[in-house]
């Protein structure tokens with residue numbers, strides 16, 4: 001039999017928003033996983049792609065395997081996915097696993113559901129390259145900040161009253177409609193929110209740039225005088241404006257929740273949920289798709305009409321955006337992040353220093369294992385030889401295969417394992 005458990009060498013994406021050099025968690029993981037890699041001190045290291053995506057197919061680090069990449073290997077050995085996964089996802093790995101190191105904000109965006117994805121792909125294949133949905137989940141590795149979902153209405157109304165430049169863009173009629181909408185009528189609230197957000201996003205370029213400049217000038221002056229600018233969300237506004245001057249996305253901070261994650265906390269981004277990552281390092285998992293509808297904080301193609309049409313306009317507090325991990329019933333060292341979509345699940349595995357032998361158990365799904373901290377030697381009946389694991393190591397584990405870890409680090413291990421639990 002060919003080895004069914006093997007190490008991977010994964011693709012780095014150097015997008016401009018990434019953290020630079022060894023500031024980046026991506027760069028640190030790559031450098032410790034492969035000592036031969038040279039990290040460029042002035043280059044951004046934004047994303048590490050662990051999977052079989054055609055634009056970033058992982059290389060197999062085992063010279064006994066004839067296939068060069070994970071995608072080729074899965075195509076030749078589809079049974080490695082597990083019977084259910086293979087059938088449900090037509091012989092493809094259903095997820096892409098990543099590490100992100102975010103220095104400047106990513107675009108305000110949302111991902112379509114399957115129905116809309118199919119429609120967008122048929123109409124505009126150059127902007128929407130496939131017909132799949134793209135739910136995502138991010139788990140913080142360092143303190144992580146993002147925007148996600150619409151704020152409670154009273155917070156938005158408070159900004160409309162404190163930020164005259166915002167109110168000018170939305171217009172008096174729409175602002176009053178939102179102020180009058182009562183919590184006893186959720187559909188009325190969503191309708192008013194849709195009108196306000198759409199008016200903002202569709203405002204004339206010259207008009208919104210003038211209003212934004214006025215707002216930035218006013219907040220800068222207030223901050224210089226030592227005044228509290230939190231009623232206008234001043235700190236975040238100045239930060240985003242310095243990154244993307246003159247961008248409509250700067251105003252979205254008055255509509256979207258600011259979500260702060262501590263390491264190990266997660267947020268799940270379902271279809272049509274507006275979001276933007278702002279700063280920090282995380283592991284991320286997503287369905288295999290590149291469909292992103294963008295509307296600001298970006299130089300890329302923006303599709304304001306589609307975005308405003310598709311969004312989920314249900315207001316909710318930022319605390320509701322934190323997705324809980326559940327401790328496994330079967331293994332106290334495993335915490336499961338199991339979102340309401342079939343495409344993916346993540347396990348966080350925290351092995352204490354007192355444990356010297358630990359079994360990565362078999363499951364009926366292919367999985368990808370990432371080492372964040374600790375060292376071990378891994379043995380498996382399905383591997384050609386023993387594998388040394390350290391920070392930054394990435395392993396592919398075929399369905400129904402297990403690995404014994406012989407731990408050698410004084411402070412235990414932290415691992416993330418991505419899989420598909422159907």
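Numbers run from 1 along the shown chain.
Backbone N, Cα and C define each Cβ position, glycine as well.
Residues annotated as domain 'Phosphomannose isomerase type I catalytic' in TrEMBL: 5-153.
Counting every protein chain shown, 23 other Cβ atoms lie within 10 Å of the Cβ of residue 275 (Zn(2+) binding site). According to TrEMBL, the feature Zn(2+) binding site maps to 109, 111, 136, 275.
What TrEMBL records for 169-256 is domain 'Phosphomannose isomerase type I helical insertion'.
As annotated by TrEMBL, active site applies to 294. There are 22 other Cβ atoms within 10 Å of the Cβ belonging to residue 294 (active site).
Among the features that TrEMBL reports, domain 'Phosphomannose isomerase type I C-terminal' is placed at 336-376. For the domain 'Phosphomannose isomerase type I C-terminal' (336-376), the DSSP counts in helix, strand and coil order read 0 helix, 21 strand, 20 coil.
A sphere of 10 angstroms centred on the C-beta of residue 109 (Zn(2+) binding site) encloses 25 other C-beta atoms.
Counting only residues at least six positions away in the same chain, the Cβ atoms of 133, 134, 135, 136, 269, 271, 272, 273, 289, 291, 292, 293 sit under 8 Å from the Cβ of residue 111 (Zn(2+) binding site).
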